[in-house]
Amino acid sequence: MTMINSRPELMNLSFSGCGFLCVYHAGVAAAIKEYAPELLQNKILGASAGSIVACGLITGVCISHATSTILKVVSQARSRTFGPLHPEFNLLGIVRDELEVILPPNAYEMCTGRLVISLTRWSDHENVIIDEYRSNADLIDAIMCSCFIPLYCGITPPKFRGVQYIDGGVSDNQPIYDEHTVTVSPFSGESDICPPDWDSGSMLGVDFNGTSIRFTTRNMFRLMACLWPRSTDDLSRMCLQGFGDALRFLTKCGLAPCIRCLTIQTIDANEPAGRVSSECFSENDDAKKVTHVAVPRMKKRASANALNSFRTRGESECETCGDSDIPLEEVNIQSFFPSIMKKPFEDAVAAERSVFQYMMSFRLVRYATTAMGISKFPFDMALAFVKKVHQYLDMVSPPRWIMLKFRGLADFILGEVEKQKSRYTNFSCLVAVAETDSFGSVLASSTMEKEEHKEIELSEDAKKEMILLRERDRRRKLLKKAGKITPNNSENQFDETSVYDVDSFEHVIDFTKSHEALYEFHYRDENQVMKTFGLFTDSQQRPYSSASQHQHHHTKSLGGTSRLVHVPEEDEDAPLSAVSAPAVIFHGGQEIVELGESDKDSGLSGIDTKRKVPDEPTTRF
């Protein structure tokens, strides 16, 4: 806009997209609301973050409250390890919640026809201008679409009336309505209201989708601050910069007193308006008072709707006040900066000066906090992914064919698992591991043996067999006392001690503890009865030619551990002639020796040999 076209009744404001630099727009809005509120009656355009400020100006939202909201969002972004890139930080979600709170119920009616928002259609990247809204939700959706930066704010673009849109700055970052549009940008360039950057003499610049940006050092800093928020002090200076730049523009257009006039400290005592003016500028709560006070300070000032050519300078103005820009370094802008705008920054600085923030100021604590944040970043990513999936499932109802596919897949996996289970036998193999010393000798513990002996649980058949064995031992002791059994008795073909030891239940337990089992197999038969199968070693070949040789095997086979003896199952029909040694089967802690056909019972066992032998002579646990 040129000075020739600076007619206030025709001026339209246009706020460019700038990310977290929208605090600069807040300073510009504060100056306009205080010194030129008539500019808010026309159209206001905005892209990205500029659309939020434009909506606040039209709906009459308190600028101080809006600034507090901006600082709140910045504080939450800076508290994360990776700032706004942290997966738990939802920028658009926070902005949406705040807009739903601060906007009045009829905001969409106030913005219809006056608020112009620049959008970029996701399908073809064409610019779309929106100025009609059906509800507050419709208005907020348009603002969210204009603020969405791909990958920075998310992956899926938001929708406005069923169509996906992204940041309006991608196609038009500085929307222009007509030649009377006043452009506002936080970047130094050719915009009407922008930082002048007096200390830079760069004449080079770039046009970013309608926004003029000069190649200056400060602009590089501002570009980084767009997406990565700065400290509270930096944001305070940016807001003050916007207030001063807007006030300078209004002064050039004759819509506000000269900056130098506002800083005059001595006013004629005969002019009562001077005292009222200083009081009003210190309070700054009523924009109408400020406008009313500024008129008496002028010798002959036209109204705000008059042309700039009819404007007369104030009594204390010099010849160059209205024709040239005055550097901000030469005036004290902060002296007449509204106090209501200072309060949000003072509160934010006070919060940063707490004891916790003081502890966080130490370098070691900052490094430790950063390291912890980086270490738990993968867990935060996983949690954010789960939340996104949950939100997607809540919003999108999967079709029936997808549910059937997943159900079929689950049934297939479960069926394969059951098939794999059936291929394996459910058994447990126990291998005895004996403790030895440095010389290889087995270490025996009488205490542990007694405890293990107590822990043996016998089945009903084993208990009956144990009673039978004890009854036989009792009979042998009675015969021994009566003198009917002697070592020289011709009827006794066995050594009395060896027969007693081999056939006794205690000897069976001692034998199993002193000899390591090569293999012990526990299984259940078709009747779900637990059975035991064991293999032991034998040192000598034991032929089945005579009963005396078999008896000799009973005496000496228990001490050797050099030869493996195969033990057939109970249902195996293995011929005895094919086996070179008697099978030794251990069931429930007992040893049973299979005799050959030529073997005969000597009658000294105490058991009736004429009694029919049961089919399963083994003892089971």
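Residue numbers in this text run from 1 along the chain shown.
Keep in mind that glycine also has a Cβ here, set from the backbone N, Cα and C atoms.
A quick note: this is a predicted structure, and the numbers were derived from the prediction, not measured.
Candidates Ser68, Ser303, Ser335, Ser438 were compared with Swiss-Prot; the annotation phosphoserine appears at Ser303. Cα of Asp167 (active site, proton acceptor) to Cα of Ser48 (active site, nucleophile): a span of 6 Å. The Cβ of Asp167 (active site, proton acceptor) has 24 neighbouring Cβ atoms from other residues within 10 Å, across all protein chains displayed.
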